[in-house]
Amino acid sequence: MEDTTQWLSDASTAIHISLVSPSESGLQHVATFNPRHTYSIFGDDEKIFGYQDLKVNLRYRANDMRPHLNISYSKKSGTINELEPTDVAAILDEGNHLPKIAFAKARDFEESSKQLSDDWTPPGKLHTTFDSPEGQYEIWCGNLADPAVKQLNSRLQIFVPLFIEGGTYIGQDPDEDSAELDLSDADRWTFFSLYQKRKVGDKTAYVFVGYSTIYRFYYFQPPTPPASPQSDEWELPNGNMDLGELPCRTRLSQFIILPPFQGKGNGARLYKTIFEHYHKIPQTYEFTVEDPNEAFDDLRDICDLQFLRKMPEFNNLLVDTNIKIPKKGFLPKLIIGSSLLEEIRLRAKIAPRQFGRVLEMHLMSKLPVSVRPTMAIEDQPAATKADQHEAKVWGLIVKQRLYRHNKEVLSQIEPAERVEKLDDTLHGVGLEYARILAAVDRSDKYEGQTTASSKRKLDADEITEDLSNKKARVEDA
């Protein structure tokens, strides 16, 4: 059997994604980067067979994100051990990973860039603008039922499997092999896109930075007794009900900041903008996140804690150091202000488990330095009995949540082993919280260095031109 190693290419290395910005002198390079994951497209081994010096160049026009695919190589194999060379273009086309326009000729891609008008704006409506050390940014918001927003999503959706672990496309059924996408509920999807405005020559150009998609679920409220009828007359409700007025649970589904723009606070700005937007909407009862990975969990924890700390009622929550911990039986309330916890959570519109974790972080940050978990290697001051008692109460608060979350597994092991496992988990949780709290401190210091005018909501009288009436150009795909 012939050795095929020389004909194997690592898909994550072979694929080069680049942003190019249109200018009078042609397309200017903005950034190039590689994907993180390719297994959902090219298999678990993330290999492409049949080529040497393979380069899969996926260029994006940095403003409207029109893609262009170009594949090059020095040698292509024949059939080896009954293996045919991987048809990369066919996989990307037939799997609906890229729109048809991505497979057009390079000349068409370059010529169409010259035809873009100087007053081009992203699809949707301008939602927020803010300044940062890297320049001016804009966040645009639209509905997936809008053809221009739908087109942008079809161009960007390949980033989901390439950068989100286990990510799937909107409308994709993960249990089906079909590549067809069902967008019948497009009107429930909201699309937030983040752009940087850059100077290209003597003109200003948009450069795409990242995006997030949001889905609305109906929020089932606890049943309440119906009001007593005022008369014997009864009529069916009007059928012209606005579904947007119904109570909903808002779920953040996809969230991507392209690699060249990471580590600059862009993810936090986008997340906070989205969260604050939905928090102000009366119909939103809860804001949730779909299967967050570890990196996004950190971002979410930092932003949620900063948001909650702006609520005086949350800041007043403290570990109750005056309680006595019984050796047996039920534990007393461990938090001063515990009767307000659910009220605060509902006002914040944060999901129960997330609220519990962030509350634990906040309470830990108030522990005496002598007993507060830390990543630092410096010696801590000696702990008093009062310090140790406060730390023990905080530990019980965390263990209560851990036990509830893992009750089924923990109930199957012996009590002594159960206590040991909870203690080990508590130690790990403390170190994790210490890492996140350190990031919160860094973020607070960074935000303190920016001026209050770095971000502003757009008021009607600030807009000299009605951008919402400007139609974004929709190409063939």
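Backbone N, Cα and C define each Cβ position, glycine as well.
Among the ranges 172-205, 444-477, the stretch that Swiss-Prot annotates as region 'Disordered' is 444-477. Least crowded of the recorded positions (W189, F255), judged by neighbouring Cβ atoms within 10 Å of its own Cβ: W189. Taken residue by residue with DSSP, F255 (acetyl-CoA binding site) is part of a strand. The Cβ of G267 (acetyl-CoA binding site) has 25 other Cβ atoms within 10 Å, all protein chains considered. Farthest C-alpha pair in the acetyl-CoA-binding residues F255, I256, I257, Q262, G263, K264, G265, N266, G267, A268: 16 Å apart. When secondary structure is read from DSSP and collapsed to three states, W189 (site 'Interaction with histone H4 N-terminus') falls in the strand class. There are 23 other CB atoms within 10 A of the CB of I257 (acetyl-CoA binding site), with all protein chains counted. In this structure the alpha carbons, written CA, of W189 (site 'Interaction with histone H4 N-terminus') and G265 (acetyl-CoA binding site) are 25 Å apart. Annotation for G263 (acetyl-CoA binding site): no same-chain Cβ neighbours under 8 Å separated by at least 6 residues are found.
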